[in-house]
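Positions annotated as domain 'Protein kinase' by Swiss-Prot: 121-509. Annotation source Swiss-Prot lists ATP binding site at 127, 128, 129, 130, 131, 132, 133, 134, 135, 154, citing sequence analysis. Positions annotated as active site, proton acceptor by Swiss-Prot, on the basis of sequence analysis: 289. Look at Swiss-Prot and you will find 506-526, 535-555 tagged as transmembrane segment, backed by sequence analysis.
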């Protein structure tokens, strides 16, 4: 019954804000048409607004869970029009706070201690309140030196899980209906969108997980002059309560306060871009909810000429597979060099395009996306927009992007927005390119590769005795398969030639891999003899020969 009432309320809001066109061609549209005479329409002022603005207002009226839904939907620029996405980014996740005494009870249940024991002071008036949780100021009991440390305690809203489950169940039902009846369901992919929202909300409901995210990010940036991450107080953290060191700063979009504090906004904007690319390509652990409200600037007067960011809210973090990291980095470098052919090849190699797509067709599509950007002033070029448009090209071939890539493009868009707000003339390309080149040099340097091989040495040594037998068995199968092939046409002869080339490439690649293994073994054993730096000469020779063999195998594609 509650679900029916909730669905009817959603229907009334859709009609009042004149959003029924979104359901055109579905059974829901027919039901709404019947109900339309009985629902008061929005004022002329609201009716005059754009569809994106009307959708934003409707989501705000439906409540905090739908606000969160709109915020997540705003990141899916591959699915919704740009004008709607821009409006949804204006959604504010601020709601009426719940009772401070209820927050105290939740903290006591989570920690298994009375608040009066766990904290020297706990302010029941929240500092901030959002749809999932609210934040309270507190003070820890004195430590061994008699110091009382200031902290903040993030507390989940009471019964939030039940509210989310009910609304998500309703969204699943609506998504199923839209998927069955909407003429553009294959493009919208409603069930996929709802599943993404469900996953995001589920992650934000576990504050212990958020604490772990903050702890990992802090470890990567400890001692940095670019980014500060508050310390997690693990003794006062549980699934429904997260305690962090209290930090003071200025929101990154409050330009007036930044100027009053004497902050070098130009230096700060460049740092923001560098921090993002370092998180993605060095650490492979990036803050994926990096809007201005979650990025503060350290207000310490001594840092005004060398400012640093403060990260907040670690509920959503992103990671890429090694393959996506590599292909994305290479894609950025191809964009920097205007190498459209390479961009097309990378999209196919990465699996973002079907393997049977014509490379020249894809090259032309990449050129049509990128060239208009290169005619703009450098301060107006957006890598995020280029990436989004390239992924939209991929959508023509009905491929589904990985959620982490969607997270990344949304985060890049946010970071560019913050950077341009701080410094409207920010040349993102000039800042990003040297950072990316340096990280790639370090990531794929011989020393780094040998170090990775050395880490895997025990695993390699364990499986090494089986390698000759496995290689021999595989080659034998290939030879037998070739002899059994009955060639009857020129196409089959071409296929046979292709298979022979493939076998040669595989053998060359296996040889190269074997030589790299030998290089790693020699490096790990520290043999007597000549050294070049800290690496044995024979390791350099074996590693160089192995790398050359792998390069030859790659060039013979």
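Every residue number used here counts from 1 along the chain in the order it is shown.
For all residues, glycine too, the Cβ spot is worked out from N, Cα and C.
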Of 127, 133, 135 (the binding-site residues), the residue whose Cβ has the fewest other Cβ atoms within 10 Å: 127
Mean per-residue pLDDT computed across the domain 'Protein kinase' (121-509): 83
Separation of alpha carbons, residue 289 (active site, proton acceptor) and residue 129 (ATP binding site) (Å): 17
Largest separation between Cα atoms (Å) of residues that the record links to ATP, namely 127, 128, 129, 130, 131, 132, 133, 134, 135, 154: 14
Whole-number Å value for how far residue 289 (active site, proton acceptor) lies from residue 133 (ATP binding site) (Cα to Cα): 16
All-chain count of other Cβ atoms within 10 Å of residue 289 (active site, proton acceptor): 23
Listed in sequence order, residues not in 127, 128, 129, 130, 131, 132, 133, 134, 135, 154 with Cβ within 8 Å of the centre of the ATP site Cβ atoms: 97, 126, 155, 157
Nearest-integer angstrom distance between the alpha carbons (Cα) of residue 131 (ATP binding site) and residue 289 (active site, proton acceptor): 15
